[in-house]
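Visitor: Following this message is one structure expressed as C-alpha cells.
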Protein chains: 2
Amino acid sequence: MKRVLDTDIYALTDAGLSRGRSVIEVADAMLRAGIRVLQYREKERKAGVMLDECLQLRRMTREAGCTFIVNDHVDIALLVDADGVHVGQEDLPVEAVRQLVGPDRIIGLSTHSPEQCRDAIARGADYIGVGPIFATKTKKDVCAPVGLEYLDYVVQNHDIPHVAIGGIKLHNAGEVVRRGARCCALVSEIVGAEDIGDMVARLRRAMAV
Amino acid sequence: MKRVLDTDIYALTDAGLSRGRSVIEVADAMLRAGIRVLQYREKERKAGVMLDECLQLRRMTREAGCTFIVNDHVDIALLVDADGVHVGQEDLPVEAVRQLVGPDRIIGLSTHSPEQCRDAIARGADYIGVGPIFATKTKKDVCAPVGLEYLDYVVQNHDIPHVAIGGIKLHNAGEVVRRGARCCALVSEIVGAEDIGDMVARLRRAMAV
C-alpha cells in the first residue's frame, strides 16, 4: 500500500530562504531532525541542476525512510524514482500525471476551495494541499488566504489525506492542528531557521495538542 | 528509421511575438504554408495550458505530416506523443531524456561551440541546434552570437543533422544556407509576419541557393 502522509510535518525546500545554505545541507538537517515527508520545490532552477539535486535527495531520503515528493516536474520525479509528485491547479492535470507515473506513485494536488477538494478526489489525487491557510510570501503565484474555514470543510467532510499549507509558523501551528489538520506543511519557518533540528523539535511540541 | 530534419525551415512557436494571434492560429498558417518541422516553445505558460496546446498541435501536425518537437518538457512530449524533445545545455541531459523517451523519439540539443557539438554526438543527440548565429532578442537566456564560424565547423566536420538558429531573417537566410546550413530555424520572422504563408514562400526562395 502507498504510504501517503504521516500526521506530522511536511517539509519543503526553498533555496532562496535557506540563509545561504544549500538545498542538500538543509535537507540533511531536516532528515536528522526526523522529517518524514520532504518535497523538492525550487522554482528558479534549471532542470539540469534540479535533476542533480533530486538524485542526491532521493538517496538521502531513501536512507532516512523519508517520503520524497517532487514539485511539478513529472519527468524529474520519474528519473530519480521519487515517491510522488505534487502539482498545482494550473499544472499538468492529475489524470495526465497518473498516466506518466502509474498507480503506485503518490500524486498531491494543491486545492483552495471545497469545489477543488471534491474535484481532486474525483480525479484520483492521493492527497491534497489545503490552503493557503494564512497569508504567505513564499509562493509568488499563490491565491488569497482561504483561512481555517476551508480546512474545517475538509476535516469534517472528507477522508482524503491532506496537508495544511500557507503561512504556518511556530506560533500558529498548534491552532492549525487543533482545527483537525492531519499534517502541516512549512517552508520558511524550517528552511530559514538557524537551528533546523531545534525548530522541528519546537514545532512538534507545538503540534502535540 | 527516424526522420530527423528536412533541409528546410524549422519553425518555432512564440505567442509573445505573434501579433496577438493564438499559437494554434499561427501553427495553422505555418502548416498551410507547408512547414515540415515545428517546435512548441512557450516559456511563460503554465503546464496545463501547454498540454492543451500541444495536444491540438499534435493532431494538426500529424494530419499535415509535420514533425512535432516539444521544447524542454519531456513529460508533455510523452503525454502528447510528440516526435521529439529539444533541450538546452542547462536542461535535462540527453541521457536522462533518452531514458524517458526511448530510442525512437528525436532528441535535439542546443550547442554553441565545437566542444558542445562533439559532446552532443557522444551523448546521442539526434540533431543539434547551432547558434546563435546572429544576435537575437527572442530568447532571454541565450549566449552571445557565435557567428557563422561555428556553423562552418559543424558543416565541415560532422554529419549529425543540424539546424542553424538565432537571428536568422529573410535578409540573411540565404547567406546561412550558402555557408552549408542544412536547416534554418526562425521564430520572430515567421510568427511575427502579417502573412505567414507569404513569408514562408519568400524565405524558401531566399534559401533556394
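Keep in mind that glycine also has a Cβ here, set from the backbone N, Cα and C atoms.
Small disclaimer: the values here were computed from a predicted structure and weren't measured.
Residues or ranges marked as 4-amino-2-methyl-5-(diphosphooxymethyl)pyrimidine binding site in TrEMBL: B:Gln39, B:Tyr40, B:Arg41, B:Glu42, B:Lys43, B:Asn71, B:Ser110, B:Lys139. What TrEMBL records for B:Asp72, B:Asp91 is Mg(2+) binding site. According to TrEMBL, the domain 'Thiamine phosphate synthase/TenI' annotation covers B:9-190.
Burial and contacts for the listed features, if you can.
Guide: Classification of B:Tyr40 (4-amino-2-methyl-5-(diphosphooxymethyl)pyrimidine binding site) by DSSP places it within a strand. The Cβ of B:Tyr40 (4-amino-2-methyl-5-(diphosphooxymethyl)pyrimidine binding site) lies under 8 Å from the Cβ of B:Leu12, B:Thr13, B:Val23, B:Met50, B:Glu53, B:Cys54, B:Leu57, B:Phe68, B:Ile69, B:Val70, B:Asn71, B:Ala82, each of which sits 6+ residues away along the same chain.
B:Asp72 (Mg(2+) binding site) falls within neither a helix nor a strand when secondary structure is assigned with DSSP, and so counts as coil. Residue environment of B:Asp72 (Mg(2+) binding site) contains 22 other Cβ atoms, counted within 10 Å of its Cβ in all protein chains.
Averaged across the domain 'Thiamine phosphate synthase/TenI' (B:9-190), the predicted model reaches a pLDDT of 96.
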Visitor: Is B:Ser110 (4-amino-2-methyl-5-(diphosphooxymethyl)pyrimidine binding site) helix, strand or coil when read with DSSP?
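Guide: Looking at the DSSP assignment, B:Ser110 (4-amino-2-methyl-5-(diphosphooxymethyl)pyrimidine binding site) belongs to a strand.
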Visitor: Would you mind ranking the binding-site residues B:Asn71, B:Ser110 by how many other Cβ atoms sit within 10 Å of each Cβ and giving me the lowest?
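Guide: Counting other Cβ atoms within 10 Å of each of the binding-site residues B:Asn71, B:Ser110 gives the minimum at B:Asn71.
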Visitor: Cβ under 8 Å from chain A: which of the binding-site residues B:Gln39, B:Tyr40, B:Arg41, B:Asn71, B:Asp91, B:Ser110 qualify?
Guide: B:Asp91
Visitor: To see if you understand the setup: which same-chain residues, six or more apart in sequence, place their Cβ under 8 Å from that of B:Asp91 (Mg(2+) binding site)?
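Guide: Residues satisfying the criterion: B:Asp72.
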Visitor: Would you count the other C-beta atoms found within 10 angstroms of the C-beta of B:Glu42 (4-amino-2-methyl-5-(diphosphooxymethyl)pyrimidine binding site) for me?
Guide: 20
